[in-house]
Amino acid sequence: MADSAHVPETLAGGFFSVGLAERDPELAAAINQEATRQQHQIELIASENIVSRAVLEAQGSILTNKYAEGYPGKRYYGGCEFVDIAEELAIERAKKLFNCGFANVQPNSGSQANQGVFQAVLKPGDTILGMSLAAGGHLTHGAKPNQSGKWFNAVQYGVRPEDHLIDFDEVERLARAHRPQMIIAGGSAYPRQIDFKRFREIADDVGAIFLVDMAHFAGLVAGGAHPNPLDHCHIATTTTHKTLRGPRGGMILTNDEALAKKINSAIFPGIQGGPLMHVIAGKAVAFGEALMPEFKTYVEQVVSNARAMAAACRTAGLDVVSDGTDTHLALIDLRPKGVTGRDAEAALERAYITCNKNGIPFDPAPPTVTSGIRVGSPAGTTRGFREEEFIQIGTWIGEIVDALANGNSDAVEARVREEVKALTARFPIYEGLGG
């Protein structure tokens, strides 16, 4: 038997027993500070949410140790029988949530889900038609700085200037002129429901594959508060966080078996190696939660809260893009107030309200400045906020923007910050975490 004096620390117990606070107090302090920030601030970033403790536990589990290249039952490594269970649970729950035949839960992000679809059905130089970033689309839909705008001939459609809704006449004209191999719907800053049927008709007319990126509204679809794009599209991609309220990750869905096989090969071995099994376990937990009746109530409240906040912003004298929202997010045009999105974001954060500066349709300002902000209701709704709280939030936003426009927002920021702290104290998250 080995002399205990020479037993490595990993076998002596320290490696498996010493926690983060002792092992790395500097990092532990930063995590604790972030927990405190999340507790005391109102989160309005539309792409963020708050996961359950169960999701946290799954994502922080020992599944992080396991490599599992391949798919359940067809792995390239041994010892995968239990991680196979986790992935199979995630797949079956995703299929049930979205009423579809096939799901790939391995993409590490929404961007990689889109990249996987491109790898599966396109070749470099093919033409894609997607919503421009300026109109509310996403980088991966053909924006020039993104790989999708470099590898493909990316044509971009936008919104109508009079109402900021998708310009389907333009979509149809561009589709017929360019004959794209793929048409993409969905975006990161479009607050209205999308006519998927109209998009599919245009795609069929030109022989294009129709892809819907539902990263922002997938949770609304899962809970029945938004039309299901899989009733019309060939392929849907999504993140697994945002309104779906799971860990950060991606997913690809389809009803076409031939496409599903191509997608699986495109993800592995096409663009990824071993999947993140601890994250896939977190996805499985979140999908299980989304199948519960309470999730339907949650997403209905998300939409109602977003509408209440948008209406309160209008009442406060702010210009709401498209005059409202059908989803979880709203865009505020600050040009009539003479305030930039960058300044509004900073002032709101000083008041403990977190949002993001965002371009608006036909924005004259650069993306580092912007003329608007994007606000969303998912995280606040998870905390328990209802219409009353979101009306108050919209009022606070209006007060701070007005104070900025008048040249000095310090006093208003200080007052709102204390009021926000009082509100968040009534709706705590993660008892025992943060201060």
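Glycine is treated like the rest: Cβ placed from N, Cα and C.
Record features (Swiss-Prot):
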- LEU133, GLY137, HIS138, LEU139: (6S)-5,6,7,8-tetrahydrofolate binding site (BINDING)
- LYS242: N6-(pyridoxal phosphate)lysine (MOD_RES)
- HIS241: site 'Plays an important role in substrate specificity' (SITE)
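Taking the Cβ of LEU139 ((6S)-5,6,7,8-tetrahydrofolate binding site) as centre and 10 Å as the limit, one finds 16 other Cβ atoms among all the protein chains shown.
With the fewest other Cβ atoms inside 10 Å of its Cβ, the least crowded of the recorded positions HIS138, HIS241, LYS242 in this structure is HIS138. Annotated (6S)-5,6,7,8-tetrahydrofolate site LEU133, GLY137, HIS138, LEU139; additional same-chain residues within 8 Å of its Cβ mean position, judged by their own Cβ, are GLY130, MET131, SER132, GLY136, THR140, HIS141, GLY142, ALA143, ASN146, GLY187, SER188. Proximity of GLY137 ((6S)-5,6,7,8-tetrahydrofolate binding site) to non-local residues of its own chain (separation of 6 or more, Cβ distance below 8 Å) is seen for GLY130, MET131, ALA143, GLN156, ILE184, GLY186, GLY187, SER188, TYR190, given in sequence order.
A Cα-Cα distance of 15 Å separates HIS138 ((6S)-5,6,7,8-tetrahydrofolate binding site) from the residue listed as 'N6-(pyridoxal phosphate)lysine'. Between the CA atoms of LEU133 ((6S)-5,6,7,8-tetrahydrofolate binding site) and HIS241 (site 'Plays an important role in substrate specificity') there is a gap of 21 Å. Distance between Cα atoms for LYS242 (N6-(pyridoxal phosphate)lysine) and LEU139 ((6S)-5,6,7,8-tetrahydrofolate binding site): 17 Å, as a whole number.
Within 10 Å of the C-beta atom of LEU133 ((6S)-5,6,7,8-tetrahydrofolate binding site) sit 23 other C-beta atoms, taking all shown protein chains into account. According to its DSSP assignment, HIS138 ((6S)-5,6,7,8-tetrahydrofolate binding site) is coil. DSSP assigns LEU133 ((6S)-5,6,7,8-tetrahydrofolate binding site) to a helix in the three-state reduction.
In the three-state DSSP reading, HIS241 (site 'Plays an important role in substrate specificity') counts as coil. LEU139 ((6S)-5,6,7,8-tetrahydrofolate binding site) is 18 Å away from HIS241 (site 'Plays an important role in substrate specificity') when you measure Cα to Cα.
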